[in-house]
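Annotation comment: Swiss-Prot describes 121 as active site, nucleophile, evidence class sequence analysis. The active site, proton donor feature in Swiss-Prot is assigned to 212; the stated evidence is sequence analysis. What Swiss-Prot records for 37-225 is domain 'GH11'. Residues or ranges marked as signal peptide in Swiss-Prot (evidence: sequence analysis): 1-18.
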């Protein structure tokens, strides 16, 4: 029995040693190249606009700042990311934008921002992929703005990433019924409608015209004015 066990161990060791060194190096190089293709999370100023890009590190996503208020994103089999250009701090401004947004799966194109005191994450969704992001929240009502009805929702995130680290906070959503990519978003209409429903914002932090992807693939190229 001892001899048989020794032979089995020897055979297993031989099989491991038989793996070509080159194949291990090739796999390592491939993983390194994949990580190089993904843009790391960052924030800052670019050509007169504030930008923010966040990713959980899953999949392949490339965010690129362009001229003035333009940016582009390409993503494949991502976990979750959100990025775009805008202002810091944000405000109740009219935001005019144009471009393309082509998600395959779950993705949103929205005016996206944060406030503090209270800590609120908000979305004014202009277009989305195969999942209505408001459907997981609590329906509150509607607001009509910029040629469409928007459905209003709230949701609570527990121990989730935020501008203040991991926290529990409320989300406000306005989701456009007639999807579009391009036009003017009158943010004050949404903020006022939310306030009438008891959904109060705090002190504005950043505000961007954002592309977000969740467990999906796609591309987006957006310009704000």
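Cβ atoms here come from the backbone N, Cα and C positions, even for glycine.
Because the structure is a prediction, the values reported are computed rather than measured.
Cβ neighbour density within 10 Å is lowest for 121 among the active-site residues 121, 212. For the domain 'GH11' (37-225), the mean pLDDT of the prediction comes to 98.
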